[in-house]
């Protein structure tokens with residue numbers, strides 16, 4: 001009995017069913033639409049951060065509804081509130097525990113520039129210890145501002161090269 005190999009031959013009927021894309025575009029689409037933010041609620045901005053999860057603002061539209069409180073399960077840190085020099089090493093350590101790629105949003109005037117606190121104990125912006133991707137102004141910022149910052153971060157992620165940080169040499 002002779003078997004035919006017709007199953008392995010090319011068929012022109014499947015041409016319309018295949019989607020061809022660059023791997024970067026696919027990976028960035030996944031990263032954009034499934035962000036896992038970790039809130040660092042250090043002061044009163046954390047109360048406004050809670051508001052984006054309710055039905056009126058609905059952060060789930062942007063794929064970021066699941067807040068993770070473990071740095072190993074998150075890829076976006078939202079620093080909400082004033083950063084003191086005493087808290088800075090812990091924030092940096094938590095940031096270092098996050099898997100790559102990772103992004104940071106500085107939420108509010110205190111996290112962005114120190115806010116109204118100009119003292120020996122308060123750091124003048126979290127960007128002195130972390131690379132900040134998006135800043136949100138306001139004291140405290142409105143939930144619409146948080147959603148706008150999330151959309152700006154998603155636009156930034158879409159333009160990144162997804163494969164450049166996959167294989168880093170460890171020193």
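The chain as shown is numbered from 1 upward.
Here the Cβ of each residue, glycine as well, is placed from N, Cα and C on the backbone.
Annotated features, as they stand in Swiss-Prot:
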- 44, 45, 110, 139: [4Fe-4S] cluster binding site (BINDING)
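Features recorded in Swiss-Prot, as mapped to the structure shown.
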residue	record	contacts (Cβ under 8 Å, 6+ apart)
44	[4Fe-4S] cluster binding site	81, 140
45	[4Fe-4S] cluster binding site	80, 81, 107, 108, 110, 111, 140, 141
139	[4Fe-4S] cluster binding site	108, 109, 110, 115, 116
- Item | Count of other CB atoms lying within 10 Å of the CB belonging to residue 110 ([4Fe-4S] cluster binding site) | 27
- Does DSSP give residue 110 ([4Fe-4S] cluster binding site) helix, strand or coil? helix
- Would you list the other residues of this chain near [4Fe-4S] cluster - those whose C-beta lies within 8 angstroms of the C-beta centroid of 44, 45, 110, 139 - in sequence order? 43, 80, 81, 82, 107, 108, 109, 111, 115, 138, 140, 141
